[in-house]
């Protein structure tokens, strides 16, 4: 594959090239996008995999957020495909569960190696279809690789203790077994990594997986599954161990209501997550929810501003504000408020906006046109509620779904728009006076995913980490709200859902315990 800069500099149509009328309007049919075929993609792709590829549902075309041009299409699955896939996944589980955990770890290791071999081209697809910059796209695939490496070691460590019994000649054994079939529903903003967190850990625990990705990133789902499927097939294992059903709400609803789905991991909005949780709970099923986050950074008067400015910038505008861990609220001590706002606005003005595959770009487009409308609506609401736009707030005049990264000041901490998670690069900057009040303001929103303070006061740091500090699942000190590590459990409290994925003892969610 070409080098990073040359490989993607030519992706957009150039002046002087022959009109597209002479060829397919799909990007995949154009020579400059020929690298997509390295992933096994074509103009129309089957979106169901259960040991064989198929799909009898609607054909859906995905679009590049940087120019709104069609990339390729995927034939989704219908409910008949879903039913067939669940049955095959259940049968495949019987084979997989009999394989010793360390041997399952070896298969996951091979999956990680296969992903590593395709990391640049798969990261390019993430960039093209989701819209995040190329470095982030590659980084997301790397995260899946890292979780595979982590899972390999974990496959030799999972298990429970042998406990002393009060009865003579007896022992208490805590036995952990796989739950069976794990359904994984992922969102558009991390179309690779979130599935990786779930599948790698679920697999070494002895589970089969059935994945439904976001319809707008279906090509990523297909490409990743092709890589996994080859590893399974090379090892003469049933492909349905890692099944895929691309589809819409009908497939997601079927998964939530299906008693054969032993665990359902859902990543998405709080609104949809609540509906999923209720459907799963109605059948007394298990769910793992990773939902929204209205994340805050708190900056005290003793903070090192050389850390604060780049951290706040990265947390607020990274992935164009479309991370669940994006900083949406910035609380500044009143004594440094004006200075920080001025420095941050200057930093915002230097953000390099451009095509996500350009190696110089730091900030790309929003994922869809609907997201642009949501951004504009939120800016207008902020103004109506008394906010002042310091910078940004407008759509950028260029092809694609580009908006200006935005800073809003002057709003009260409890303004309705401040308490609303907007999946866009809007940062609400708020003043505070005392530690106690700002800790309370951090916690007053409904979500509880990520949070951070900037201070040199050790006492304050431990109060922040303690029972009366942040109520979030991820609590940071002197670093941004985004950028979690795989070794720790990832997830949040309250309306974020309470689920935990990736590291620590998150593996227990994918297993059942017998004593």
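Here the Cβ of each residue, glycine as well, is placed from N, Cα and C on the backbone.
Residues annotated as active site in TrEMBL: 290. Cβ neighbour count for residue 290 (active site): 28 (other Cβ atoms within 10 Å of its Cβ, all protein chains included).
TrEMBL lists 59-513 with the feature domain 'Aldehyde dehydrogenase'.
The feature signal peptide is assigned by TrEMBL to 1-22.
Mean per-residue pLDDT, taken over the domain 'Aldehyde dehydrogenase' (59-513), amounts to 98. For the recorded site, residue 290 (active site), the DSSP three-state label reads strand.
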